[in-house]
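Visitor: These came from TrEMBL, pasted as-is:
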DOMAIN    52-416  domain 'DUF4220'
TRANSMEM  20-37  transmembrane segment
TRANSMEM  49-70  transmembrane segment
TRANSMEM  90-112  transmembrane segment
TRANSMEM  119-139  transmembrane segment
TRANSMEM  145-162  transmembrane segment
TRANSMEM  300-321  transmembrane segment
TRANSMEM  333-354  transmembrane segment
Amino acid sequence: MVKIIPDSVGKLWNEWDVRIMVVISLCLQILLILFGSRRKYIAKPWLRIVTWTAYLSADWVAAVALGMISSFQQGENDPESSTHSNSSQILMVFWVPFLLLHLGGPDTITAYSLEDNALWLRHLLGLLVEVGTALYIFLQSWTTSQYQLSLLAIPIFVSGIIKYGERTWVLRSASSERFRELLLPPPNQSDYAEFATEVYSKTIRGEPAGFSMIPEAPFVPGVRPTIAEAKPIHEAYQLFRILKCLYADLILDYGDALWCHYMIGDHPFDYVFKLLEIELGFMYDVLYTKANIVYSLTGIIFRSISLVCCISTFFIFGLVIDKHRYSTIDVAITYLLSVGAIALELYAIAALVLTDWTQYWLSKYKHWLSQPKYRLIKRLHTLAPPIYRAISYFRLKLSYEKGWSGTMTQFNLIDFCLKEKPVKFVGIQKFIGTYDIWEKYCYSTLEDVPIKMKQFIFEQLKVARSESHVSQVLSWRGDQVLKKTNCVEKLNWSLVEVPFDQSILLWHIATDLCYYTDLEKYQEIPTPDSKQNFSKLVSNYLMHILVTRPFMLPKGIGKIRFRDTCAEAAKFFEKRRSIISDTNGKGRARQVLLEVNTDVDPESVIGDRSKTVLFTGCRLAKQLQSLETEEGWGNEEKWEMIAKVWIEMLCYAASQCGWNEHAQHLRNGGELLTHVCLLMANFGLSEQFQIRVGAPRISIETRG
């Protein structure tokens, strides 16, 4: 019988399997703690791939290593059945609590996606099974001759159980059902029965009963920060409490509306966007990390216990345990596990200190520390401001100031259809189902969100909020801009009379054609802060959302329209490959498209056979260009209108996206769409902002 794996290879693996798996488990923990928090502000695909691989592998590797150690424990009485010496087995059992520590995971990532939070019961079962297995291995191997090593494992066991328990508790807290439950106010019972009885009694006794209104207490802003530099973080945390209600699909009341108005007030746009960034950073921490427990007194106690356990184990093993009876490689791995555990704990503490949560705590409790009853620590309140400034300095140097990537992904339909970046290994990728994903990635780029664009969005929303009712603003899809510019008759068909996903495709094609036409016409590259550049950026961004994030948009058949349009465009360009294959291929491709006669409505010819909108988009582009050639508009005036239409469409898309979808993409560096949606909510532009004046309480008074 021919053996696929030689005996020598199998023997080598049997001898080194546990050692390899334990080291891999430690390496995966290092990857997770380093990259787990960085995905909040880095939108690069490679980071997602590394984090995803490490997250899925970490638990599996640790569990397999536990199983391996358990299996050779079963055969330890039969020397011939084990490839490990007795001394190696004893030391490997000492590694078991370290594996339990790894199963608890780092503080920087508990869930890769929101679905992991919903599976907290699975992790609870895993906690019981893995802890039970570890205890079984530990008790099975307890020996009087090696009692020192057995006792030394207990502190790491404690630390591992704490870590694993924390992870399960945090996953449960972040699950949508529990998250909403924690935000619900206590039941508010009415006293109607007593009230009616008292009124009836007074009426029977002939005492005229009247009513008086007890007005509600006036709105009073929350506690102000005691450190001036902490104002943005303090205000963002107050707004974060409202964001949690938005995510839980709760209705915001009058007090919330007043608070948002008070927070936003007359602040400049850059300050407001900074608040949004901090808010969403808090939200990311609550949903994807151990923030719910780490930034609490219980969490601080657990961190201290865990660190003390790891450090004490390291020193006792180095000073007390006789290591000569064990192999050098096993001792080295033991030291590696101990040092790794300490390093991960210290890194976690450093990361904990360099967060918005710590700065918020310092700003909030400085006045608390200064109270006379805390005389033993009264001097600490004087240290709060310099500590705060030191943390801010290191956060800035280490890029911890960033709350999101600050980028918007760009995807251009026409560039995609030109197929200038052929994908390699097409057959293999189609077989495993990654071809479409990889092809779209090849044609996607990241662009920084211009500061002036943020200002443009902010000002447009501020004007809209002051001029119209909330329900009206939320229904605008670009048509309001057409009304203000008297373009309804000419262009309304492309916005109001078609589904929203079709509007995105039409205006994307038209904007792209107009952009390259003007580029050729004026021979001048638009400045980064020009409306022409804004239009192109938002157009490509919403196209990216349509193609790769369809669930963030209203329901529709956008993917079908996209595929049909791409098929028609690819066929069109392939037939004219010789014409457009020159040094200015992209520009020439746009010119060839515009040369097609679209006097006859393309949809009337195509009918329902195909959902393509390629030539309908060309028709729209010609109508936009005619604003200059026929209506006498200036080029800047035209692009001002196009940019405002895109911003209105961006706001509509943001308001129609559910908060669960917004939260899903916080782990991918964040989305501009999410920031716009939160900005709208802070302006009161949300269906959840059902502002009502709270009904005053009524008391009975006797009138004589």
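Yeah, the Cβs are placed from backbone N, Cα and C, and that goes for glycine too.
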Visitor: May I ask you to check whether the transmembrane segment (145-162) and the transmembrane segment (20-37) make contact, with contact taken as at least three Cβ pairs under 8 Å and only pairs 6 or more apart in sequence counted?
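Guide: As far as Cβ distances go (cut-off 8 Å, pairs 6 or more apart), the transmembrane segment (145-162) and the transmembrane segment (20-37) do not touch.
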Visitor: Select the range from 20-37, 90-112, 119-139, 300-321, 333-354 that forms the most Cβ-Cβ pairs under 8 Å with the transmembrane segment (49-70).
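Guide: Ranked by Cβ pairs under 8 Å, first place goes to 20-37.
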Visitor: Residues sitting near the transmembrane segment (119-139): Cβ under 8 Å, six or more positions beyond its termini, same chain?
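Guide: Contacts with the transmembrane segment (119-139): 59, 63, 66-67, 69-70, 73, 93, 96-97, 99-100, 103, 150, 153, 157, 160-161, 164-165, 167-168, 171-172, 175.
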Visitor: Please report, as numbers and ranges, the same-chain residues at least 6 past the borders of the transmembrane segment (333-354) whose CB is under 8 Å from any CB of it.
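Guide: 19, 22-23, 26, 29-30, 33, 37, 91, 94-95, 98, 101, 106-108, 156, 159, 294-295, 303, 306-307, 310-311, 313-314, 317-318, 391, 394-395, 398, 400.
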Visitor: Near the transmembrane segment (300-321), which same-chain residues lie under 8 Å Cβ to Cβ, leaving out any that are not at least 6 residues past its ends?
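Guide: Distal contacts: 148-149, 152, 155-156, 158-159, 162-163, 166, 293-294, 334-335, 338-339, 341-342, 345-346, 348-349, 352.
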Visitor: Short question: which residues 6 or more past the ends of the transmembrane segment (90-112) have a Cβ under 8 Å from it?
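Guide: Distant Cβ neighbours of the transmembrane segment (90-112) are 18, 22, 25-26, 28-29, 32-33, 36-37, 51-52, 55-56, 58-59, 62-63, 65-66, 69, 72-73, 84, 126, 130-131, 134, 137-138, 141, 143, 146, 149, 152-153, 156-157, 159-167, 170-171, 174, 287-290, 294, 326, 330-331, 333-334, 337-338, 341, 344, 348, 351-352, 667.
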Visitor: May I ask for the residues of the chain that lie six or more residues beyond the transmembrane segment (20-37) and have a Cβ under 8 Å from a Cβ within it?
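Guide: Beyond its ends, the transmembrane segment (20-37) has Cβ neighbours at 47, 50-51, 54-55, 57-58, 61-62, 64-65, 68, 95, 98-99, 102, 105-109, 289, 333, 336-337, 340, 344, 347-348, 351.
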Visitor: When the pLDDT values for the domain 'DUF4220' (52-416) are averaged, what is the result?
Guide: 80
